[in-house]
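Novice: For 10-17, 57-61, 119-122, the entry in TrEMBL reads GTP 1 binding site. Summarising the annotation, TrEMBL assigns GTP 2 binding site to 182-189, 229-233, 294-297. According to TrEMBL, the domain 'EngA-type G' annotation covers 4-167, 176-351.
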Amino acid sequence: MPKPVVAIVGRPNVGKSTIFNRIVGERISIVEDIPGVTRDRIYSSAEWLSKEFNIIDTGGIEIGDAPFLAQIRHQAEIAIDEADVIVFIANGLEGVTSADEEVAKILYRSEKPVVLGINKVDNPEMRDQIYDFYALGFGEPYPISGSHGLGLGDLLDAVIANFPANQSEEYDDEIIKFSLIGRPNVGKSSLVNALLGEERVIVSDIAGTTRDAIDTMYKYDGREYVIIDTAGMRKKGKVYETTEKYSVLRALRAIERSDVVLVVLNAEEGIIEQDKKIAGYAHEAGKAVVIVVNKWDAIEKDEKTMKEFEEKIKAHFLFLNYAPIVYLSALTKKRTHTLIPMIDLASENHAMRVPTNVLNDVIMDAVAMNPAPADKGVRLKIYYVTQVAVKPPTFVVFVNEPELMHFSYERFLENRLREAFGFEGTPIKLIARARK
Ligand code: GDP
Ligand code: GDP
């Protein structure tokens, strides 16, 4: 089921990013651990009362040199375009300002539910000051304090109450959904055209009227696929659609709806920081990943070139060691036919279920061959392994003490699973849990 999306809007300095961070909590993103990647999260998953959703801090999306009012207007438009529920934040210390009214005017025009939070209400005596905010016309204002973490529970209850009733899955489970992500100009749209132009491809439907995407459905060898569009391929219309943060946001949304993510690189330009960041998001989302090196026609090659490029990729994308690499040219269509089989493979592995007995045989053999090292005299004992999920394959390892499962040993077990079962193209997850 697609997760509902919540967007935070409001003029600068009302506390949007403080509230965002509170709601998101201590979720550590591997993307943020990549050196050189700035800590500029504007999008994250979150949870309240076991309801999962995604949340956007629109304040983090700055539109070039747009003047103040234009800036907050664009941010409100983004919230309307992207969200199921909008959280509108004002500042209780300052009362209703004309900029708040400006935001309100844009939000009135949408049909999206709006929950109004009055921030910086740091103590109960201040609660009387929130009544003025009824004037904004969004019903009951919720007094909150982002910096003290007060009132957020009531606000989130109201947000959840406004989630769409049942968001049904957009496509059948058998349909392979994939997206192409990468910097502008790496050749994403050219590649989509090359794929759709292949002889045996039958394009059945191009949807394009909804807010979200221009998804393309097609059939190849009797199998159905959907290409999930991202900002890079979209016809650029609105001002904010050209901003980098916004295109990252679109890419993240596309990743989320995909089974397989094609990380497209430009052979001519090599790998830059932004590529790593984009690839990191795909990994983090637990999607199957295929790395596509496009524009392979445009570089001078000898017999070592491919090997060298592969080494570069391996060095830059350590966390994507499972992703197969395809070298091709969208322009000359050389080797584009190898891409769909690779998508199939990654997708199959992403959905693979391993029989429990076989799984345990492999793990027990691995443990017998290479027992976990003792830590302060205590040794990790593995009792039993079971696969609890697919997409990506997720395994719970029942042990004596979960803290004894160190990163290096976990990686050893992961490698053994990969050797035994393949899993090319998909991340796998191991979760250590104490046996009851
Ligand atoms: P944004 O521009 O809307 O994202 O606002 P920020 O989250 O960056 O916050 C702006 C300023 O308000 C910062 O100095 C915060 O420390 C402060 N702030 C945020 N929430 C609260 C709050 O609940 N109470 C008080 N007193 N200050 C807050
Ligand atoms: P996008 O922004 O990632 O969708 O990139 P486009 O598909 O718009 O391509 C950007 C530019 O790269 C265009 O001028 C394309 O003609 C060119 N291009 C795309 N693929 C290839 C390729 O395989 N080889 C070469 N030489 N140029 C390409």
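Glycine is no exception: its Cβ is also placed from the backbone N, Cα and C atoms.
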Novice: To the nearest Å, how far is the Cα of ASN13 (GTP 1 binding site) from the Cα of GLY182 (GTP 2 binding site)?
Specialist: 32
Novice: Taking ligand 1 as the reference, state which of the binding-site residues THR58, VAL121, ASN185, TRP296 have a Cβ closer than 6 Å to one of its atoms.
Specialist: none
Novice: Counting other CB atoms within 10 A of each CB, which of the binding-site residues GLY10, GLY182 comes out lowest?
Specialist: GLY182
Novice: Mean pLDDT for the domain 'EngA-type G' (176-351), as a whole number?
Specialist: 85
Novice: Distance check, please: Cα of ASN185 (GTP 2 binding site) against Cα of ILE61 (GTP 1 binding site), rounded to an integer number of angstrom.
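Specialist: Per the Cα atoms, ASN185 (GTP 2 binding site) and ILE61 (GTP 1 binding site) stand 22 Å apart.
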Novice: List, in sequence order, the same-chain residues at least six positions removed whose CB sits under 8 Å from that of TRP296 (GTP 2 binding site)?
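Specialist: Spatial neighbours, sequence-distant, of TRP296 (GTP 2 binding site): ALA267, TYR327, LEU328, SER329, LYS334, ARG335.
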Novice: Let me know the most crowded of the binding-site residues, choosing from ASN13, THR58, ASN185 and counting other Cβ atoms within 10 Å.
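Specialist: Per the Cβ count within 10 Å, the most buried is THR58.
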Novice: Roughly how many Å separate the Cα of GLY10 (GTP 1 binding site) from that of GLY182 (GTP 2 binding site), to the nearest whole number?
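Specialist: About 30 Å separates the two Cα atoms.
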Novice: Which binding-site residues from the list THR58, VAL121, ASN185, LYS188 come close to ligand 2, meaning a Cβ under 6 Å from one of its atoms?
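Specialist: Only ASN185, LYS188 qualify.
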Novice: May I ask for the distance between LYS16 (GTP 1 binding site) and LYS188 (GTP 2 binding site), taken between their Cα atoms and rounded to an integer number of Å?
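Specialist: The Cα atom of LYS16 (GTP 1 binding site) is 34 Å away from the Cα atom of LYS188 (GTP 2 binding site).
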Novice: Rank the binding-site residues ILE61, VAL121 by how many other Cβ atoms lie within 10 Å of each Cβ and give me the one with the fewest.
Specialist: ILE61
Novice: Give the helix, strand or coil assignment DSSP yields for ASN13 (GTP 1 binding site).
Specialist: coil
